[in-house]
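Single-structure report; data block below.
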């Protein structure tokens, strides 16, 4: 009996141990499940926290936007090339000291980067200062160049008005010692050509001269130390009324009310040659050396612009100041006038679409010996132009082609993939822009519909009969007309027909 009881007790112990192990395994499984669920929840939480957006003041450009943008770039580049410009490129970031102190009050908008390898760097703010650095570094004293690239400003973006933190600039500059106002006049002619070509609506190009501004400040009683800061206030006159600008000059910048009122008499003047003549006779301005020089050059500029036939769009405007510190002579800014659109109730207001001027001292700031290279240039505000064209096309619902494909290679029956591949290869090798659908046996109707949807003007159809006859059936998508073309003549036929599109 005692022996039996001992066996039963031992069996019970074994049973309990097995049960404990089973329970332990079950617990381990449950813990593993819970940990897995927690990990998944964690992943989901992470997904929810991850925001898919572009950084503030930037945007993506889809195929439609890029198609419009390419048209604009091509128009601008062809104008720059027509005027004999070469193209250059510079790094997207510069040494911080290269950019510091060149932009007046706007220097606070420069993007600084972290110290990398002992160099303090900043993203470029414009293309003009890097150009001046490039001239000084390479000892270039004479060049006519254009440069199209992205620049960066830590600005408060207004994206509906084409104001971004990352955006393209399209710059044209003439560097070198030349007779007065001839290169300056050409820069204004270029602005006129581009804005006319892009058909953005009515525009005016405002022109002034830093020397006239400085002379005006001097005769109005502005201390030398306040020239630049008062200049920055005057530059706001295109956005805010004179009273607000006057209050800023007097209240914030400590200018005497009398000096501000005298400035007010001048900065509200604008006109043409008549105004220049009037100011040359002005008893105060005519006594100031700087103002007299500036007015003399302005008169010469208007004579050249008259020969170019563009004075109807030019306004000599004493309120134009352009806040950048590096301008030394003529300054100008192109503004769109009350952009109306019959499809949109509210007019599209975008302000300045181009600006520039003369900066004769900037290169000397970089040259070790202070050698100066006179420069004048213009920058086209591509983003603002793009905003107008994009809104206009959205309103008109015009279909925009996003590819340049000339022909779709199609098949009329099954099992003709090899023939399509052979034909499309011949077309590509001949420089024809061609596509095909990536299916072995696509339906002809689907192939034709693809052309309708994407705007491809021609379809080259291979079929069993066409292969026997040594021809390709060429279908004109718009008219649905079909013609048989000898295989050896196909490339030339496509070129002729797409050149007429």
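Every residue, even glycine, has its Cβ placed from backbone N, Cα and C.
Residues or ranges marked as L-histidine binding site in TrEMBL: 126, 127, 128, 153, 169, 173, 322, 326, 327. Positions annotated as domain 'WHEP-TRS' by TrEMBL: 1-55. Taken from TrEMBL, the feature domain 'Aminoacyl-transfer RNA synthetases class-II family profile' applies to 57-389.
Taking the binding-site residues 128, 169 in turn and counting surrounding C-beta atoms within 10 angstroms, the largest count is reached at 128. By the criterion of other Cβ atoms within 10 Å of the residue's own Cβ, the least surrounded of the binding-site residues 126, 322, 327 is 126. The average pLDDT computed over the domain 'WHEP-TRS' (1-55) stands at 68.
With 126, 127, 128, 153, 169, 173, 322, 326, 327 listed as the residues that bind L-histidine, the site has a largest C-alpha separation of 21 Å.
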